[in-house]
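Engineer: This is the structure, below, for whatever I ask next.
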Amino acid sequence: MENSVKMDNSGNSTPLPQRQRRANNQPNKNIGKLGPQKQNEGASDGGPAEKRQRFGPNNQNGGGGSVVGGGGGGGGGGGQNQNKNFANKGGFGGGGNRNRNRGGNQNRSNFQNQNQNQKSTTDAPKADGGNLNDKSNEANNANQSNSNSAAQAQAQLQAQAQAHAQAQAQAQAQAHAQAQAQAHAHAQNQAFRARGGGGGGGGGGGGGGGGGGGGGGGGGGGGGRDRNPDRRGGGGGGGQNSGGGNNSQRGDDFFYSQRLRSISGPTHELPPIEVAQETKFSGRNRLYVGNLTNDITDEELREMFKPYGEIGEIFSNLEKNFTFLKVDYHINAEKAKRPLDGSMRKGRHVRVRFAPNATILRVSNLTPFVSNELLYKSFEIFGPIERASITVDDRGKHLGEGTVEFAKKSSASACLRLCNEKCFFLTASLRPCLVEPMEVNDDNDGLPEKALNKKLQEFNQERSVGPRFADLNSFEHEYGSRWKQLHDLFKSKQDALKRELKMEEEKLDAQMEYARYEQETELLRQELRKRESDNERKKLEWEMREKQAEEMRKREEETMRRHQTEMQSRMVRQEEDMRRRQQENTLFMQAQQLNSLLDQQEGFGGGNGGGGGGGGGGGGVGNSNFDNFGGNSNSPFEVFRGNNNSSMAGNNAGPGANNQQQDSFAAFEFGVNNMNQGGNQRGNNGGNNVPWGRRRF
């Protein structure tokens, strides 16, 4: 598939490092190639497949079968088999076998797969506008066709051998059964384990191609892998599912079950069956015509039976000289049987009989409550019914059996198969209906004298004596009595067996009722145990939910308690902060009041000096109040704290006029330690003269 990529232009480009060229390496063989063989160095250089490019850009082989297509490739001449071959698109006959072989598989089939499938690169490429390498490769291959004649001859011989093998495989697949076809395909493809096709019989959709027919299409024969999972490995003969067979039986069973479900339910009221007219060309009108010559034709048979009615289908077996044919109505069949049976034709006595009717079934083991309508409705699921009736005695009593006549033999066969494989119940009783073929003798003519062979010795011996009564105590009477006793014994045993069967049926009915009661009781017990277990489970779930709710409630209470505690502590802290702020506000108000008092004292300080020259003493007296306040160690003002100026009223005679010009607040100028005990108040202040800005609250 890489011929569009790997061209013979080694002189223009440097090839990739390859394995050393092997001696006597044959070129790649393209089986069934219709065009000239193109030489390809990429496939014959001895290099491994993984070293080369896996897929080319556009190389779909539409004509020749590649390495993997094999003997059956391409559907045997034109039908496209979608088997998903990405490396070798093409078949032997140009049908496009798309086997799912991506290259690298070693197809070791009988004839065609002698090369080890190193991803065939000699396929003829399609003409593509954007694929320039294909055109150059075609021009180059035209010059190299002379050097490839030996490979061409060998490929053609192998193609012929492959075509012969394919034709032989197809003929065998059509002539033999499924097992033989599969064995043949396996014998031709015993070493084929790759994912593609190949082999004489099919080769991944070869031979018949496309999932059926011929040499095992749809992945049959060669073991190809079809993309359709339902058609994988359809062997040899038929190519669908398992070679010749299909899943129609399984599908019919499914439809029967669907129809049965549609009528399952109470059957208390069933509509009456309309009496239909006689079906034309039914199974009851089928005649057997024997002892014919092998030169008879269908036209002669139609002319023979034409006076008695219309003739339907005719089946002739000239090797055994008999024929089956259908007359339109039963009365016409009877009319044709009487005169034609025993008639002479070309020196032979023609035998005309009613053919065995395989569409009539006998249904037994029925309960007394099964009517014609229920029997008809129950067996109608298998196919159209011509007649269904319950057998009764001369008094109209139910005999426990009936007959069902189908319109088709296939419906009767399906009914017989399913009723024998499974238990088919018509009512609530567990008595399954028993179905068996019923041979109906519609021949009312019996055995006429002309039908006997009078040339036999036994005939002459038996007919030598006529009818008679035996004398008492004679030889004939003795052995005649023994025959009667033998038949009486048979009848008595038959009656005893019937009575025993009746007793066993009644016993089985009683056991069935008891078993049904026990089974229903066991079902009730199981239901009770189930409900008890459900009750226990629900109780455990309820307790678990209650426990979870209790735990959640406790967690919520703990959370609320913790939240309340936090709120209380927060409120206590807020109250303490508020109380502290109130105290600070009170102290601040007191400080403001004191400041206002100090401001007032500063504004009216001259009046406190005692007036005039004698103000020294008066000032001292006036200052004594503040001295006591300042000496208080509990004062919040630093300016008054520790002021021990207590003897200002003593020797306070300054220089005269200078001392009187100062106000009486000289004691507040004002260190913490004013140790002026008796000296000049305005003169030497022993403390720190701190300004008013030193006040601290």
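Every residue, even glycine, has its Cβ placed from backbone N, Cα and C.
The model shown is predicted, which means the values in this text are computed figures rather than measured ones.
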Engineer: Identify the region 'Disordered' range according to Swiss-Prot, selecting from 476-500, 551-575.
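Structural biologist: Comparing 476-500, 551-575 with Swiss-Prot, region 'Disordered' matches 551-575.
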Engineer: Where DSSP helix means H, G or I and strand means E or B, what are the helix, strand and coil counts for the region 'Disordered' (551-575)?
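Structural biologist: Taking each residue of the region 'Disordered' (551-575) in turn, the totals are 25 helix, 0 strand, 0 coil.
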Engineer: When the pLDDT values for the coiled coil (488-586) are averaged, what is the result?
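Structural biologist: Value for the coiled coil (488-586), mean pLDDT as a whole number: 93.
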